[in-house]
Amino acid sequence: MATSLGSNTYNRQNWEDSDFPILCQTCLGENPYIRMTKEKFGKECKICARPFTVFRWCPGVRMRFKKTEVCQTCSKMKNVCQTCLLDLEYGLPIQVRDTGLSVKDEVPRSDVNKEYYTQNMEREIANSDGTRPVGLLGKAPSSSDMLLKLARTTPYYKRNRPHICSFWVKGECKRGEECPYRHEKPTDPDDPLADQNIKDRYYGINDPVANKLLMRASTMPRLDVPDDKSITTLYIGGLGENVTDSELRNHFYQFGEIRTITIVQRQQCAFIQFATRQAAETAAEKSFNKLIINGRRLNVKWGRSQAARGKGEKDGVTESGIRLEPVPGLPGALPPPPVSDEDASTNYFNLAPTPSPAVMNLGLPPPPGVTMPPPPGFGPPMFHTMDPMAPPVPPPMALRPPGQVHYPSQDPQRMGAHASRHGGP
């Protein structure tokens, strides 16, 4: 096989020797004290196939060991991490970033052209200050609305977890808790995220993660401007405990005059009132799904007046615009019982009117010529003509059969009648 005179096999000057890797916060791990091994010219870059210095480390407890996959030249050309190949500024795949910045990839694929392009990029990197990307990425606009909405600045350390144990999936793992791999159910093999390629990630072609993020960006919600022109207040949620009044003012003062800033620490939110409606609309448009302070993505919404909030709750619509469906199975509203005008002032519990029982006045003697009936159980038996079709008359309370007990307190067996069995007097 014919090779060029400047190929990596003979040109050892192109081999890379570095002292520290270019990593993102997620790949580096949450532990600030890590032990990292360095192997000079340990492997060849998976993009340009040049030998480079390989770094290997463990990002945390119960995490898998990670190492650099591409050389620093390829990393600087795309401004990506040497391990995960995600953008260092936004934490997004290269395909998503290039789509948001309208940058077209022009990296050659053949061996000779790739080597020539790499040497030119190394020369450009050496002549730069090292603070900005080189090539087409350095000439692109600084930011994009889509990138600010999709940016993932918070580290996601679960990405460093060990791989799934293939023996456990087959039911043959005998290590138990000492197994360094995860004992979890694998993902669906038909899932497009299960098939990822490092070269597709670097060149931004057919990246399943990028396709998923781009589809999410196309269906991203928008912040509608309220019809009430008197509303000039914005709701800022998810503040946490570190966001202060001055930090909010430093961000929102550029959109217009701020009248008041009210921070509710208990709810971790704030209300920012602007002097004009135009300033509030500009702040909402420029900050919706883009506001990041102290590494926290804040939620921006329009404030609502008390009248609009009460109307929304009455119509079954929440503050976020979600319509609540009625709960099935509940009875409808019952009409109030009919109450006369005389009892309306004293019927506090809306009870049905009942006939008042006859009360015997024991303090006054009966009028002359009137004989009072004896109490129940003390007089002679009274015989009435019974209608065979009439329902039976219920017995009085004292003569009701003992088997009908509706509450535990009505049971005579549980009212201390047999306390002598337990050692009582």
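Placement of Cβ uses the backbone N, Cα and C atoms for every residue, glycine included.
According to Swiss-Prot, the compositional bias 'Pro residues' annotation covers 389-399.
Taken from Swiss-Prot, the feature domain 'RRM' applies to 232-305.
Per Swiss-Prot, region 'Disordered' is recorded for 304-331 (among others).
Under the heading region 'Disordered', Swiss-Prot lists 384-425 (among others).
The zinc finger annotation in Swiss-Prot covers 159-186. Per-class residue totals from DSSP over the zinc finger (159-186), listed helix then strand then coil: 9 helix, 2 strand, 17 coil.
Using a Cβ-Cβ cut-off under 8 Å and counting only residues 6 or more beyond its ends in the same chain, the zinc finger (159-186) has close neighbours at 26-27, 29, 59-60, 62-64, 66, 84. Model confidence over the zinc finger (159-186) stands at 92, taken as the mean pLDDT rounded to a whole number.
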